[in-house]
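Annotated features in TrEMBL:
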type     : residues : note
DOMAIN   : 59-169   : domain 'BTB'
TRANSMEM : 220-241  : transmembrane segment
TRANSMEM : 261-280  : transmembrane segment
TRANSMEM : 371-389  : transmembrane segment
TRANSMEM : 409-426  : transmembrane segment
TRANSMEM : 433-457  : transmembrane segment
């Protein structure tokens with residue numbers, strides 16, 4: 001017989017669902033449960049084809065979705081006239097029916113829809129119970145397409161599910177936008193027949209600078225950049241050794257100091273050459289100058305040339321500025337030391353070649369709200385515990401570290417972040433109670449956004465890894481010989497490009513790939 005699968009009754013039938021796991025004596029004991037009302041019949045699942053014989057088609061509509069048959073009262077479908085199933089109520093001819101469903105069995109009076117049965121569970125729950133929620137095991141984008149097909153508006157979806165769907169849709173649109181920009185760049189990089197020699201050189205330069213996987217020159221260029229960054233960081237650390245600092249303060253320059261200067265000059269020359277090459281091959285010079293990594297490159301390179309200009313104007317650094325006094329030279333030396341310290345920004349150049357650093361930057365950009373909440377919670381807690389510990393410690397006789405509330409801010413921040421330097425320690429019992437409360441509060445405050453940030457990091461890493469693997473596989477497929485690939489490589493390529501990415505514009509590329517049996 002037809003078996004109801006969903007109910008919109010106001011009574012909670014969870015107890016009834018648990019009875020099926022009990023003995024038969026308990027199953028037959030329904031005297032304590034109220035009779036199920038008319039809403040229980042809003043949707044039924046037909047398990048056997050012979051059950052269709054006893055159906056009154058004047059009252060019930062038989063819907064076949066991907067091989068699964070359901071019955072809906074016509075009165076239920078009339079309540080949703082804007083949906084695809086609701087439009088069946090207005091069909092008066094075979095042409096009207098053909099415009100709504102994929103096929104119609106006139107003998108069985110059965111409407112057939114060639115759609116996903118698993119996705120229809122969401123539509124079924126909405127029509128029968130009035131609840132529109134996401135399925136955990138289903139792709140959000142596929143579900144969005146199904147809702148569009150069935151004519152169910154997003155306004156009916158629960159707030160939490162709607163926010164999750166909108167967030168995912170925005171991320172996919174952003175990814176598609178980047179993919180479109182990449183396709184446009186790749187299309188512009190294709191060398192026409194009448195292309196000039198200069199254009200060919202620019203395309204080769206662009207591949208070498210921006211795409212390390214394009215060939216041997218690109219790999220060598222990327223390796224040299226990473227090596228130069230490592231050498232720069234090491235030389236910066238060595239230059240702060242006491243013996244080199246003493247020579248610099250005395251104005252002397254030994255062989256070690258001279259060698260460090262040579263190393264720094266070579267590294268800066270390489271970085272300057274790389275910056276110029278990137279600027280030359282950039283199609284939009286303004287967009288290049290606006291790039292965050294390019295701004296960091298300029299900030300790291302310019303201090304070297306500024307220090308050379310300053311030393312050239314005043315080689316002995318002994319002439320005083322009129323009216324400036326000795327303080328001017330001290331300030332100028334401080335500025336030079338700060339400019340030299342900016343060389344540490346070269347480390348940020350590794351983000352061009354490190355997927356982990358790119359993931360970190362993307363996570364920070366996407367988790368600005370979580371970091372803002374963390375900062376807000378921390379500020380509120382610091383404002384709360386600083387006066388308390390100051391009040392508790394002020395009862396002690398003699399001098400103590402918590403002389404004022406602002407002086408207690410440092411202790412509160414260090415304690416709540418569970419660092420605990422030990423430079424300020426409460427001595428009284430009330431102060432220690434406040435310290436314990438602040439530490440426990442800090443642990444909880446730090447744990448609240450940590451889970452969200454961790455999931456954001458994992459998702460960002462998977463997206464960047466998928467995009468990187470997709471690019472490499474497409475590049476290998478275009479440049480390589482698919483007949484030389486193993487079956488596992490072809491299977492992985494097909495799954496990543498055709499299934500994981502799922503872009504419509506890649507459909508032709510997916511159809512042209514070698515056929516691989518996907519199990």
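Each residue, glycine too, has its Cβ placed from N, Cα and C.
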Non-local residues, at least 6 beyond the ends, that sit with Cβ under 8 Å of the transmembrane segment (220-241): 208-209, 212, 260, 263-264, 267, 270-271, 274, 340-341, 343-344, 346-347, 349-350, 352-353
Model confidence over the domain 'BTB' (59-169), averaged pLDDT: 83
DSSP-assigned states of the domain 'BTB' (59-169) in counts, ordered helix, strand, coil: 55 helix, 21 strand, 35 coil
Close approaches to the transmembrane segment (433-457) from elsewhere in its chain (Cβ under 8 angstroms; 6 or more beyond its ends): 359-360, 363, 366-367, 370-371, 373-374, 377-378, 381, 385, 388-389, 392, 412, 415-418, 426
